[in-house]
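Participant: Structure provided below as structure tokens; questions to follow.
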């Protein structure tokens, strides 16, 4: 993979001082933990751009002529993690295109390969502030996803069979990443079993100081 100064990735302008680098908050949690909903509320109240790795991948798979579309579709169907080269490329492109300086990166990094790829390509280009970890029980998450599917989410993985695979992947591959960042005191845990107003009270305590120092 190319470095952050590569013209291939179109992000030469990211080679800046720490104060000028795009500010990144990773948002991680199990399927159905409320990542998308919480991110929308943060966007509405703070100066952040929401980048969902899953949404970017689904958009790419539905893009006519995409060289990665069929591969992405197969990985998502199987509940597996898409190769980091593809996901990092989509995230980098979206960061550059937005022209913003504060980003919520939702659903990434999801495994060690994701983390290694991100650090190799982007560690000198952006400033990762912390990981927002939405902690929610599997029972609540499963019911939320099934309800979402029943309401016509259009997602091929909002079914019980895919969810079992996704939770297995989350437990075995994503939780170690959260523990990795926790060891660096970079995890901000929020109990997302609760209602959105209750969750957002905790979110405000985390994000208000961050925005104040920007």
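Using N, Cα and C of the backbone, Cβ positions are placed for all residues, glycine too.
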Participant: Select from 52-82, 83-113 the stretch of residues annotated by TrEMBL as region 'NMPbind'.
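Facilitator: Here TrEMBL associates region 'NMPbind' with the stretch 52-82.
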Participant: Including all protein chains displayed, how many Cβ atoms other than that of residue 109 (ribonucleoside 5'-phosphate binding site) lie within 10 Å of its Cβ?
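Facilitator: Around the Cβ of residue 109 (ribonucleoside 5'-phosphate binding site), 28 other Cβ atoms lie within 10 Å.
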Participant: Do you know the DSSP helix, strand and coil residue counts for the region 'NMPbind' (52-82)?
Facilitator: 18 helix, 1 strand, 12 coil
Participant: Considering the binding-site residues 35, 148, 155, 194, which residue's Cβ sits among the greatest number of other Cβ atoms within 10 Å?
Facilitator: 35
Participant: Taking only C-alpha atoms and a 10 A limit, tell me which of 81, 107, 109, 114, 155 are near residue 36 (ATP binding site). These are the binding-site residues.
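Facilitator: The binding-site residues close to residue 36 (ATP binding site) (Cα within 10 Å), listed in sequence order, are 107.
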Participant: Give the maximum pairwise CA distance in Å, whole number, for the residues 58, 80, 81, 82, 107, 108, 109, 110, 155, 166 listed as binding ribonucleoside 5'-phosphate.
Facilitator: 21
Participant: Using C-alpha atoms only, work out the spacing between residue 155 (ribonucleoside 5'-phosphate binding site) and residue 148 (ATP binding site) and round it to an integer in Å.
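Facilitator: Cα to Cα, residue 155 (ribonucleoside 5'-phosphate binding site) and residue 148 (ATP binding site) are separated by 9 Å.
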